[in-house]
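Taken from TrEMBL as is:
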- 12-439: domain 'Major facilitator superfamily (MFS) profile' (DOMAIN)
- 6-25: transmembrane segment (TRANSMEM)
- 78-95: transmembrane segment (TRANSMEM)
- 101-125: transmembrane segment (TRANSMEM)
- 137-156: transmembrane segment (TRANSMEM)
- 168-187: transmembrane segment (TRANSMEM)
- 241-262: transmembrane segment (TRANSMEM)
- 282-304: transmembrane segment (TRANSMEM)
- 316-334: transmembrane segment (TRANSMEM)
- 340-359: transmembrane segment (TRANSMEM)
- 371-392: transmembrane segment (TRANSMEM)
- 412-434: transmembrane segment (TRANSMEM)
C-alpha cells in the first residue's frame, strides 16, 4: 500500500492515466499553437498538413521497438525515458513555422519518444492488473488521452492569446517533467504472483518474457527458466491480431484527423473563433473521456456477471461504438452551426471511445504475456493512419480550396469526414468476423 493508502496497482493505473492525459495535451497543444503561428506566417494548408503529420512518422518507427524494449527492459523504465526525451525536446525547440527543418526534426523526435509510451503502458498494465479489472483499467488509462485533449482545447487557445504560441511548448515540457518525477518516485515493478491462475493469465510477471518465463522443475527440487521466443510469425499471421490492427487504424484515422483539423474546421469551415467558443470546443474530447470509462465499466460488468462471454462483449461494444460513430461522421459536414458541429463531433468521438472497450482491450485477452508487442504492432497501424489521414486531409482541403473558392462550404469538408465514416463501417465488420476474446498466445 502506497500513496494515500492506494493498492500499488491502482496507483500505477492512475499514473498511466495521467501520462496519457499529458501526452495528448502536448499533441493538441502543438496543433493549436502551430495553426496560429502558421496562419500568421501565411503557410498553406498542404504544408500545414505535412508538418502536422511529421510527428506520426517518428511515432510509427518506434511502436514495435517500443513493445520490444518494454518487454526486454521493463515498461516502467522505458515509459520514464520516453517522457524525459519528449519533454526536453519541447523545452529546447522554438516554434517558428518558417524554420521548417528544425520543426520537422523536433516533431520526429517527439514522435519517436512518444511511440514508446503506449506499448510500455500495456506492458505495465498486463503485469499489474488482473484479468477481471482489465477493461476498466485500460479504459481509464486511455481515457486520459481524451481528457488531455479536452483540457488542451479549453485552456491552450487562451494561453496562446495571452503569452503566444511558444508558451504552449514550455507548459507542455513542464507537465512532462512533473509527471516524470511522480513516476520515478512512485512506480515499481510488480512482485511475481505464485498463484497458478494468475500466472497463467500473465498477471504478476516481473518482466514479460522475451527470453523466457515458463519454469521447469529440476530433480533436486529447484527450478530453471525455459527459454522461449516471441512468436512473431504467429502474431503477424493471426486473424484476431489483424482485426485489432484494422480497428486501431480506423480509430486513429478518425481521431487524428479530428484532433489536428477540428481547429481549422471551426476557424475556416464554420468561421468561428476558438477563443470565443468557450468551453463548448472541449466537449468532443470530454465525451471521449466519459464514454471510454463507461465502455470499460460496462465491459467488465458483462464479463464478470457472465451476461456475455469475453468474445461477445468485445464484439458488441466495438460494433455499437463504430457504427454510431460512422453515422455521426457522415452527418458532420451537413451541420453549419457550432452546436451541430459540436454535437456530431462529440457523438463520433464519444462512441469511438466506447469502441475501445472492444478492440483496444483485446490485446490483453488474446496475448497477455505479449501485450506490449501486440500493442506495438497494432499501434503502428494506428500511427500510419495519422501519417496518411492528417497529410491527406491537408491535400484534400488545398484542392477543395481551389475548387470551391475557399473552405467555408460543406462540400469542401465532405471527403474529410466521409472517409473515416466509411472506414468505421468496414472495420466493425472485420472485428465481428475475425476477433476473439480467448487467449491464443502462450
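Cβ from N, Cα, C; glycine included.
Quick caveat, the model's predicted, so the values are computed rather than measured.
Below 8 angstroms of C-beta separation, residues 247, 250, 254, 291, 295, 298-299, 302, 308, 340-341, 344-345, 347-359, 410-411, 413-414, 416-418, 420-422, 424-425, 427-428, 431-432, 435 of the same chain, each at least six residues beyond the ends of the transmembrane segment (316-334), sit close to that stretch. It is 101-125 that, among the stretches 78-95, 101-125, 371-392, 412-434, forms the most Cβ pairs under 8 Å with the transmembrane segment (6-25). In terms of C-beta pairs under 8 Å, the stretch of 78-95, 101-125, 137-156, 371-392 lying closest in packing to the transmembrane segment (241-262) is 371-392. Counting same-chain residues at least six beyond the ends of the transmembrane segment (282-304), those with a Cβ under 8 angstroms from any Cβ of the stretch are 28, 132-140, 142-154, 258, 262, 310, 313-314, 316-317, 321, 342, 345-358, 361. If you take every residue in the domain 'Major facilitator superfamily (MFS) profile' (12-439) and average the pLDDT, you get 82.
Long-range contacts of the transmembrane segment (101-125) within the same chain, counting only residues at least 6 positions beyond its ends with a Cβ under 8 Å from a Cβ of the stretch, are 12-13, 16, 19-20, 23, 26, 30, 34, 51, 54-67, 69-71, 74-76, 78-79, 81-83, 85-86, 89-90, 93-95, 134, 137-138, 141, 187, 208, 363-364, 371-373, 375-376, 379, 383.
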